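Swiss-Prot has this to say about the protein:
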COMPBIAS  65-78  compositional bias 'Acidic residues'
COMPBIAS  118-133  compositional bias 'Basic and acidic residues'
DISULFID  87-93  disulfide bond
MOD_RES   42  phosphoserine
MOD_RES   118  proline amide
REGION    62-86  region 'Disordered'
REGION    112-143  region 'Disordered'
SIGNAL    1-25  signal peptide
């Protein structure tokens, strides 16, 4: 199963080793052993083989990248479909949007709201009474 992916690399490495062996400054064989090998590749054949291997490698990589992009697109569309299923009931989506807005308003409004601020409600009520009494001309206590 892993051999199918590594076969272009194996052929490429064999080609490189053959080329490196022929380019050595001091040959390892004697002059008598340098008879032409019928299985050896000519320079043109080696270049064609190398070009074919590179082309196959590039094609395989582009196919892998396309498959990854398709998988990402299907994952994105599945997220959108799950959100659409959740928001199929319009009141649920509207309620959650209003809930977020309400929480943001109370969080950033500066008014105390909720169980975290038990004393501020009285302070706000007292300040409102003082403001209303000043508008209507009612005298306030000097406390």
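Just so it is clear, glycine is given a Cβ too, placed from its N, Cα and C backbone atoms.
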Residue 42 (phosphoserine): secondary structure state under DSSP, collapsed to three categories: coil
Residues that sit under 8 angstroms from residue 42 (phosphoserine) by C-beta distance, when 6+ apart in the chain: none
